[in-house]
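Structure record follows, encoded as structure tokens.
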Amino acid sequence: MTEIPAQNDISFFGVTNFRGERKRFGIKREDRRKHVYVIGKTGMGKSTLLENMTIQDIQAGRGLAVVDPHGEYAEKMLDFIPASRMNDVIYFNPADTDVPVAFNIMERVSEDQRHLVASGLLGVFKKIWPDVWSPRMEYLLANAILALLEIPGSTLLGINRMFGEKEFRKRIVAQLSDPVIKGFWENEFAKYPEQFMREAVAAIQNKVGQFASNPLIRNIVGQVSSAVDMREMMDREKILIINLSKGKIGEENSRLLGAMLVTKLYLAAMSRVDTPEPERRDFYLYVDEFQNFATESFANILSEARKYRLNLTVAHQYIAQMEEMVQHAIFGNVGTMVVFRVGAEDAELLEKEFMPEFMIQDLVNLGFANIYVKLMIEGLTSRPFSAETLPPFPRPPESHREAIISASRERYGTPRATVEDKIRRFTTSPLGVEEEEVRGGGAPAPALPLKADRPMHETHCAECGKPVRVPFQPDGVRPVYCEEHLNLVKFRVKAAPMPSAARAETGLRPPNPPRRAVEGGGERARAPQPVSLRELKRKPEELPQSARRPEPAKSGAHLPELRRVLEEAMRRPQPSEPRPASPTPPGPARAGGPARAGGPAAPDGRGSSSNANSGVLAPGEAVRFE
């Protein structure tokens, strides 16, 4: 049985055979600040190496975080937590939907870190949706994220609301202080054509909506206050175990949460800038299959995390899994490199790091648990050498796994019903943030009452007397209408001509030539288009827009007056301009009256009808008047 070494300053992970003598070796704490990179095919022993180093850190009292996309590594580490460190453990398991642990990457982000958070989130989205990503999508998302980061209490659920709810967007933009971000929403986005806006935001709403519609993710990222203070956890050397099992929560969800958690850890480490470097405590981050979470911003973590005592140990299977920028960051910043058996393509790249001691043939023919190592020793990289990894540490006789999980759920989790109620209030609030979080805990912003919450008042329609309910207090002076008569009133107002005094006041020019006065005095009537009485006899709701009615059509009582006006219009002299020749061949005039409209003009110059005496037009006949 392998015993855990007693040296507290060295993390052992291998055994070397030099001149027939087997010696255990490891890496010092100071050298781990240059990071450790592990690569090899599946089943070669990478996870065992990570587990052995993690167990030593746990039992040495060091602070650490484990990010595991499979779940077995994370669950196994719970068995090695000693009783003395049970209260130090934070177990983050998204699959436990009954008591979700809140994680809000947008919570309390300082002004100098907002662009880092936005860049990290954009990198996550770009990695998850490479097929639909575009510069326009990135531009819109960046402005939405930066706007929300400025508002206390924002969450990722606000992204879709920024694009889909005008009132929510208006109130968010009104609180922005960054002139560039505010200018984008007021001067650029607001002027987009409607069709362009729909096309531009459709992809964003579709993709972000996938996470917002998933209760597993929504109940985690939709809470305003995170359950874990990453900075405090690092300073107090606690243990964060993150179980992102793809089989339980899905691959995309695993990648999204993992990348955001890694970014948040990096931001927490950078906030240590207010602490003198000698006083910063080392914190160790283990990431298995780290290509799932290695966004382009991960390159910054590798190059700058060392100064803030965030020490990475990352493992994955082959180089092509990484973005090119991350590849350069790995080979340019990693101090210790551990290589298991790899494929020919990777061996060709790694040969440059390990030659002349080891060539391509050596790298592709390594046996199980055999490794080639370039070890950082007191700030200098050693020559490559071969070794074997330590066998797995035996499980302790007593495990506190269940007690640790139970204590962590009680301390950091929130009942699902409570979370869903808060999220429901968030999604229905005009501003979208919890009242106690608005403006950093100050007085809450006045929220507009929801339509369903407004008091309703009973009254009667001024036209038909039908009982109606309205969301305002009737004053008894101004009329109130039911929905049917309200539409008629709107139609009447729209059809009514503007008084001449009002036209002069507004400076508007009449759209038509000056109108003739109606005989008998009164207002000037707008000249309608040719229309038959049959059309005018239709029901009011069926009247065409060109047929303007002078009075409300409550009944047929207005028709005699309208007939009189039409008859007067027919008797008025017509303009003297020449009329086009009628296509109807000339014929003898009908006895007893002038020709029909459309035929030869009558001697007195008036258009007429065969039924002029009755005042009724035959079907198909039209009346032309000015």
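For all residues, glycine too, the Cβ spot is worked out from N, Cα and C.
Please treat TrEMBL annotations as automatic predictions, because they have not gone through curation.
Small disclaimer: the values here were computed from a predicted structure and weren't measured.
Annotation source TrEMBL lists domain 'Type IV secretion system coupling protein TraD DNA-binding' at 30-344.
When pLDDT values are averaged over the domain 'CxxC-x17-CxxC' (454-484), the model yields 79. Here TrEMBL flags 454-484 as domain 'CxxC-x17-CxxC'.
Residues or ranges marked as region 'Disordered' by TrEMBL: 501-626.
Positions annotated as compositional bias 'Basic and acidic residues' by TrEMBL: 516-526 (among others).
The annotation compositional bias 'Basic and acidic residues' is assigned in TrEMBL to 534-552 (among others).
Residues or ranges marked as compositional bias 'Basic and acidic residues' by TrEMBL: 560-571 (among others).
Among the features that TrEMBL reports, compositional bias 'Pro residues' is placed at 575-588.
The compositional bias 'Low complexity' annotation in TrEMBL covers 589-610.
Taking H, G and I as helix, E and B as strand and the rest as coil, DSSP gives the compositional bias 'Basic and acidic residues' (560-571) the counts 12 helix, 0 strand, 0 coil. Taking H, G and I as helix, E and B as strand and the rest as coil, DSSP gives the domain 'CxxC-x17-CxxC' (454-484) the counts 2 helix, 8 strand, 21 coil.
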